[in-house]
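Feature annotations, courtesy of Swiss-Prot:
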type: ACT_SITE; residues: 65; note: active site, proton acceptor
type: BINDING; residues: 14, 15, 16, 61, 86, 102, 215; note: shikimate binding site
type: BINDING; residues: 126, 127, 128, 129, 130, 150, 151, 152, 153, 154, 155, 213, 237; note: NADP(+) binding site
């Protein structure tokens with residue numbers, strides 16, 4: 001039976017085995033999917049050993065995505081742009097192909113929730129790996145403008161400069177943010193620490209869409225805050241998790257699983273996984 005893994009540290013909380021087991025059942029693919037939690041300095045050795053022992057593919061999560069980028073034999077265009085790898089496939093000719101499905105998962109989930117991207121004004125909070133992975137897929141949807149805000153403004157400026165060839169992307173400090181946005185995406189991990197990005201409430205209006213890449217059994221702090229400011233459409237990152245997994249499954253197996261039922265099952269079981 002074909003073997004797949006998710007590498008991370010920590011990774012015991014990962015929902016990936018649950019998701020991919022449901023995908024396999026739905027598409028009648030025979031595979032097993034497990035967890036690997038090597039020490040940071042042992043990731044390269046563990047990755048090579050997994051494929052040497054017959055592994056077919058893996059997902060890679062924090063803190064190994066940048067290491068994986070350097071370890072694979074070949075990169076997909078979207079992984080090269082993202083500077084990080086979250087999906088690796090052993091190809092038929094024995095090559096380790098590195099891909100990044102995070103941004104595609106984000107865009108798919110936004111569309112599933114009816115969020116219009118073409119011609120929109122998007123505010124992206126954060127300039128780390130999650131933001132980098134999202135930029136190319138978001139800009140491919142041709143928004144009117146995409147503004148990056150980050151606590152360290154120089155990082156936002158650098159990221160905007162790297163992606164300016166793909167569309168109207170710019171950087172702004174939190175203090176100077178103003179104007180109208182149709183969508184705000186929080187790519188920071190602030191919600192995990194119970195913190196909020198330093199946004200002024202005036203940016204929130206009834207018709208704005210709010211997206212937090214983090215998720216939980218209850219509203220994230222960012223989503224709870226936005227609702228309190230009058231935002232009517234708020235979405236957490238659970239759907240993005242399922243959509244990026246579906247994209248990875250497609251890379252590995254050549255068949256695209258449906259995501260709606262899997263997302264429903266995941267929400268139903270979130271408190272026990």
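Glycine residues also receive a Cβ, built from the backbone N, Cα and C atoms like all the rest.
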Handout entry: residue 215 (shikimate binding site): nearby binding-site residues from 130, 151, 153, 155, 237, Cα cut-off 10 Å
Key = 237
Handout entry: Densest Cβ neighbourhood among 14, 86 (binding-site residues), 10 Å radius
Key = 86
Practice task
In whole Å, note down how far the CA of residue 237 (NADP(+) binding site) lies from the CA of residue 15 (shikimate binding site).
Solution key: 13
Completion exercise
Among the binding-site residues listed as 14, 61, 86, 102, within 10 angstroms of residue 130 (NADP(+) binding site) by C-alpha we get 102
Problem - For residue 102 (shikimate binding site), nearby residues of its own chain (Cβ under 8 Å, 6 or more apart in sequence) - result: 82, 86, 130, 133, 134, 240, 244
Fill in the blank from the handout: For residue 155 (NADP(+) binding site), the same-chain residues 6+ apart in sequence with C-beta under 8 angstroms from its C-beta are 127, 128
Fill in the blank from the handout: Whole-number Å distance separating the Cα atoms of residue 61 (shikimate binding site) and residue 153 (NADP(+) binding site) is 26
Problem - From binding-site residues 126, 153, 237, the one whose Cα lies nearest residue 14 (shikimate binding site) - result: 237
Handout entry: Site extent for NADP(+), whole Å (max Cα pair distance, 126, 127, 128, 129, 130, 150, 151, 152, 153, 154, 155, 213, 237)
Key = 26
Practice task
Provide the three-state secondary structure of residue 130 (NADP(+) binding site) computed with DSSP.
Solution key: helix
